[in-house]
Amino acid sequence: ACGTTSENSGGGGGQTTGASTKCKGTGGKYVIGMSQANVAEPYRQRMDDDIKAAAKGVPQFEVRFTDAQQDNARQVSDVENFVTQQIDLLIISPNEAKPLTAVVKSAYDKGIPVLVLDRKVEGDAYTEWIGADNTEIGRQAGKYVAEKLLPSGGKIAEIRGLAGSTPAQERGDGFRDAIKGKNIDIAVSQDGDWLRDKGQEKADAILKSNPDVQVIYAHNDPMAEGAYLAAKAAGKQDSLKFIGIDALPIPSGGIKAVEAGRLSATFVYPTAGKEAVAAAKQILVDCQQVPKTQTLQTQLITKENATEVYAKANGG
Amino acid sequence: MDSVVLVELAAISKSYGGVRACRNVDFAVRAGEVHALLGENGAGKSTLMRVLSGDLADYEGTVTVDGQPVRFHGPADAQRAGIAMIHQELDLVPGLSVADNIFLGREPRTRLRTLDRRAMLRETRNLLRRTGIDLDPRRPVGDLRTGEQQLVSIAKALSLDAKVLIMDEPTSALSVAEVDRMFTVITELRRAGAGIVYISHRMDEIGRIADRATVLRNGSVVAQFDAREMTAEGAAEAMIGRPVQTMFAHDPAAQGATLLEVDGLVVPRHRSGRRDPAGISLTVRHGEIVGLAGLLGSGRTELLETLFGAGGSWRGSIRLDGKPIRPRSPRHAVRLGLAFVPEDRRISGLALDHSVLANTVLSIVDRIARFGVVSRRQEMSETTRMVHDLRVKLGSVRDPVSALSGGNQQKVVFGRMLLTEPSLLLLDEPTRGVDVGAKAEIYQLLGRLAEGGMGVLLASSELAELVGVCDRVIVLRGGQNVAELPTAHAGEAELLAASMGEVVPL
Amino acid sequence: MTAEVVGVRRHTIRTTVFRFQSLFGLVAVFVAAILFSPSRNGELVFLSSGNLFNVVRAISEKGIIAVGMTFVILIGGIDLSVGAVLGLTAVASADLMVNNDWGVVPTVLLVLVVGLVFGLLQGVASTAFRIQAFIVTLAGLQIARGLARIWSGGQGIAISYGTDPGEAPVAFSLLGERTFNGLVPIPALIFVVIAVLATLFLRSSAFSRHVYAIGGNEKAARLSGIPVTKVKIIVFGICGLLTALAGIIHAGQLNQGSPNDGLGYELDAIAAVVIGGTSLAGGRGSVGGTVAGALLIGVLNNILSLNGVNSDIQLLITGFVIVVVAGLQRLRPAA
Amino acid sequence: MTAEVVGVRRHTIRTTVFRFQSLFGLVAVFVAAILFSPSRNGELVFLSSGNLFNVVRAISEKGIIAVGMTFVILIGGIDLSVGAVLGLTAVASADLMVNNDWGVVPTVLLVLVVGLVFGLLQGVASTAFRIQAFIVTLAGLQIARGLARIWSGGQGIAISYGTDPGEAPVAFSLLGERTFNGLVPIPALIFVVIAVLATLFLRSSAFSRHVYAIGGNEKAARLSGIPVTKVKIIVFGICGLLTALAGIIHAGQLNQGSPNDGLGYELDAIAAVVIGGTSLAGGRGSVGGTVAGALLIGVLNNILSLNGVNSDIQLLITGFVIVVVAGLQRLRPAA
Ligand SMILES: Nc1ncnc2c1ncn2[C@@H]1O[C@H](COP(=O)(O)OP(=O)(O)OP(=O)(O)O)[C@@H](O)[C@H]1O
Ligand SMILES: Nc1ncnc2c1ncn2[C@@H]1O[C@H](COP(=O)(O)OP(=O)(O)OP(=O)(O)O)[C@@H](O)[C@H]1O
Ligand SMILES: O[C@@H]1[C@@H](O)[C@H](O)OC[C@H]1O
Ligand SMILES: [Mg+2]
Ligand SMILES: [Mg+2]
């Protein structure tokens, strides 16, 4: 009865029945498996926390979490184990796209609806992808630097995410795209592996080798905070500007850092946790179809809106 | 013999797993005596003394000190009760200096509770002087030669000022001169009222120093002697339970062509600068047993190691069966038909955790393998043959070598090299720690091997052995040969004199 | 005074017990897994053949590496580079097939050679200059990781199958497949074969005697005429070779060769070896133990996941189980 | 028949050279850093005091841990738990001050006790059941990481300073500051003090002789009446204690205590110790060497970053430099 395919979902395969057969309406009990790529990054921990919080509001749901510790192979096993447990729905935030495609497909082919968050898998053997556009976020960051921080051009430093990860690639590309022709020079670019202490260490050296940079663009907030700490140690925290990405609404997150004036700006990188639970409810409880793609919007956080956004995100 | 009894062991029994090492042993040490503890390898001597020194805590029987029954829970307890032991296997810490080793566990401290190095160095110098060795107390023990280490152990034991000093084969790596020096020390201690337990397989030493002797066989006391009534033969017979065969039985007649020819061999790493460039020259013929005599540090070990490709750089020439050779590595030397039994079996000879079997066939695994697969049958038969030929006393050939008594461990190393069927056997103190019975067997074996055409170069600090076994003895001093004595004409006295640098008229 | 042969029986019993000692922990964990297994339709989920094969597949890469690591640890060495070498060889496999259109056989051969040579070079560096293996392979880790990044341009190289240029030969996709009625994963098969071969080799080859002897007492081994340097170099080569095999499987399993692959695998592989009762000091241990160690960790992860145990609690439980298992192994009376 | 006194002088020279041996590599890298330093306004950036202090600050946490690790390695042990214990103690520091309004002194004391106890427990587990330290501390790693995650709820605890509830005492922020005209970072000072104290302690305490003896020949140590078990337990305790100190500094430096902090620090700390010439077999080494090892890595990272060297190439260079430095140390003639 509940079995209609989302019109966005490509043809073929078992996905048509996928979403439907699992739907037992409000009377059912559902076990959802959430396969997280790693929980060492605050952003991902927050994604899990968001899912946990949202699932509290759906009494029919029990969510089980796994942590693949940044290992594709481990995440493949995690998904296999979920399939063995015959979960009713899989949420996955893949470590990398290609290596998880096959196992996600095999789960999907067994009729398990699959929600993919943040990073993608290849092909169309999943029910819905929910996430944000990293190139766009990078572009907005570039735009902010070009328009607000260095309207007449200048030198900046970039602290990048883990080499080889797609967000690092896309955030770098989008940024470069936006500053093209704006007389802004990326004087130095170093890998900070998404980590706060790495960000600090790299910024230490950057401030020595390129003391004339005016802005540090970090691919996430932890690294931006690390860079700020390095600048503070060098007594340069006021003459330099820092921007990051993620804007997690937690005490150690970027919104608070902007509010406190450490970062000039950060950009919301939505975790999609809340949206994922909503989609799961639509599929399992409401027996509805969901769109194949749900792109979440970013938001620029500056001192002006930080307090308000933070309060709102925490239910205020 | 009416002096005070310092310690008394009553009805001591001790087993390791299924092996009964001591059965119901009674033993006492009196003030002012040197009490020799004799017995063949594995008889239980070390075990009994490890009980007395607090090293083994789980045993049956009672230990009485000064009339009070005691139970030691560790060596420290025994030391506090005035009992110290020099262990058979040198137990020093190679990375620490001589002084650190001597005071290990009871370091003198300054008022600030820091190490009192000055006191340590001063005391160490005194102790070393008493033992008759001139060493820098700051040198790491690991840099010292075996004999020097043994002297450090002795100095360490002396520093304890013990009432009862147990010496488990303290002289096995020492040569005559050092032994003499040590006996002087023992005599001083005895005079001061200490009781000394003396374990040795060198029967001549027992005769010289002991006041009393207790003989163990298979873990039980089988005889007690007074020094006056004890003969070497009698003691030996008590030890092995039957009359000893003739010790030395080699017939020097059957010698053949020259096997080894060493000419002007100098090991230049000698930093003394005193090394005469003449170096060492000697020959060994097929079927000949040639001895190497010398004092501690005279260069015997170094020569053997060089011949075996295990030393450092050297110059000179070595010929084997007339062909010049330059042994690059022990492997190369083995291929050339050389075999070497090193002087310190624990460090250089054995993987102690591994079975007797694995240790025995180590040098011949390639030979007993077909297509790279070791033949278990041959492995077992070769090992059994060796165990039998050398009369190794053990539980099972699969037991770890560490479960064997010291002398039997030595036989395993010896046996391993014999299995390579060498043409030239290089032996460095091969009977160190080996009991009289087994020594006789080894000598006979050497005799047989020599008669079969093998050449033997045997370095030893036991003059009786050199004189008894060898056809000729070459005396080294300061890295060169200073004398050559045919044993048919020369005895221990001449060897000693030559070793000390006196010119010996022949 | 013939050699006494007392204790042969005692010995046999002890040996037998000892043979199985490295299995104690595995058996205990296995039993616990059965007890705690969720059940579905009256069947224990843990024991379902699908699940058991998943367990073996999941450990097969690390298991193969751990077999190589067993050799290295037996000589008293250690190899920290394996995780990075796995990444390097996975990248190499993907690049050769995808970007250079190599066939499966030449790719596999070349990649195996890459692993072998990397291992041999580490062996040479450590023996020629007498540098501790820890240091050499720590450097090797960085070098292999750097090479993998440079080779791949920092990005994972995705593998898709077909005959077009830019596609890998379909045959390679077998590594991701299951055989025997879709039941047995191919990597698991390879792992079992490697483990059996290595066990036989370590039990009965002359070479293995040399390996054990070097770990037991290197100086004694040298004086016994064993070519110590050569054996050590070969052992590092074996470890590199097996790691390359694991890297190839990894690429096949995940359809990608990424320079970040294998991060931290070195500790897992060493853990399997040590939990399996092999001494880090060298000279003592077996491949059987290593396989048991790897299985133990695999079973533990599996049963915790099947029960949906939260990953933080998993860490605690895993930690405690490891200590208890290691403790069990020490029950053996001292020799 | 006096024994010859050859080699006393030779010995002194060798000792002296050997004393400085662990510095060879550091000196070489330092010289290279000067040669390759970018310059600004005629001044070498690398040598500017600000930069040099950055280098020391950057290594201070790992350096302090490495000092503790030196003790553990000297007894022939190893401690893999340090990274996780750093995370645990950083979380503890943040949580106590931020969420429980503790003062600086009670926080620091309790956190130090946490580290100490964790270390002692590992020491007990490893000695009481005679389990290899590798295994015990591998388990300890998982347990500490699990505890840290549970304690913090998985997310870093941010520290801001002030007197309100939820704010940490301002005094704690000193850990992130610099002193002496804003030049010398406080963590660097603490590191130097710890290193000096540890050096003096290892040089001149009786306890240190026991540590060296246990690593050099455990049996001899036991026969000399040294309480081997007790010393070992204390050594693990020292390492835990120093790691906790590093954890506190970490929290102060980053204004946050996160359960993921310290990931992989164990290998870095061990590397510093081993590059500093301490033998993993135990019994040989010094804190001076460890400091040199840590500095070497710090200088290398710094100069590579100053030159903007790409991170892939950094890996390669670091790998090669480590091998070469280790090779340099082996130049010493064999004893
Ligand atoms: N650690 C051990 N484990 C098992 N058996 C042992 C152990 N130590 C000694 N034994 C056995 O106990 C018996 C007595 O050994 P012990 O070392 O006391 O002999 P010993 O008289 O000192 O011999 P040696 O003259 O060769 O030193 C031997 O059979 C030996 O194999
Ligand atoms: N590794 C070394 N370190 C220091 N000195 C050495 C070393 N090797 C040899 N020597 C010195 O070389 C000389 C010859 O030593 P060697 O051991 O060959 O003599 P030996 O006659 O066998 O004495 P020993 O009874 O000590 O075995 C001695 O002066 C010794 O101190
Ligand atoms: O900080 C985030 C990082 O941890 C994740 O892996 O990718 C997106 C980033 O914003
Ligand atoms: Mg003995
Ligand atoms: Mg000698």
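Just so you know, glycine gets a Cβ as well, placed from its N, Cα and C.
Features reported for this protein in TrEMBL:
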TRANSMEM  C:20-37  transmembrane segment
TRANSMEM  C:64-90  transmembrane segment
TRANSMEM  C:102-121  transmembrane segment
TRANSMEM  C:182-202  transmembrane segment
TRANSMEM  C:231-251  transmembrane segment
TRANSMEM  C:289-307  transmembrane segment
TRANSMEM  C:313-331  transmembrane segment
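By the count of Cβ pairs under 8 Å, the stretch nearest in packing to the transmembrane segment (C:64-90) among C:102-121, C:182-202, C:231-251, C:289-307 is C:231-251. Remote same-chain partners of the transmembrane segment (C:102-121), defined as residues 6 or more beyond its termini with a Cβ less than 8 Å from a stretch Cβ, comprise 79, 81, 85, 88-89, 92-93, 96, 140, 144, 168-169, 171-172, 233-234, 236-245, 247-248. At the 8 Å Cβ cutoff, the transmembrane segment (C:182-202) and the transmembrane segment (C:20-37) share fewer than 3 close pairs (sequence separation 6 or more) and do not count as touching. Packing against the transmembrane segment (C:289-307) from elsewhere in the chain are residues 22-23, 25-26, 29-30, 32-33, 36-38, 45-46, 51, 54-56, 58-59, 62-63, 66-67, 69-70, 195, 268, 271-278, 314, 317-318, 321, 325: each is 6 or more residues past its ends and has a CB under 8 Å from a CB in it. Tertiary neighbourhood of the transmembrane segment (C:231-251): same-chain residues 60-62, 64-65, 67-69, 71-72, 74-75, 77, 79, 82, 85-90, 92-94, 107-108, 111-120, 122-124, 126-127, 133, 159, 175, 187, 190, 194, 207, 210-211, 214, 257, 261-262, selected by CB-CB distance under 8 Å and a gap of 6+ residues from either end.
Residues 44-47, 275-277, 286, 288-289, 292-293, 295-296, 299-300, 302-303, 306-307, 321, 324-326, 328-329, 331-332 of the same chain, all 6+ positions outside the transmembrane segment (C:20-37), place their C-beta atoms under 8 angstroms from a C-beta of that stretch.
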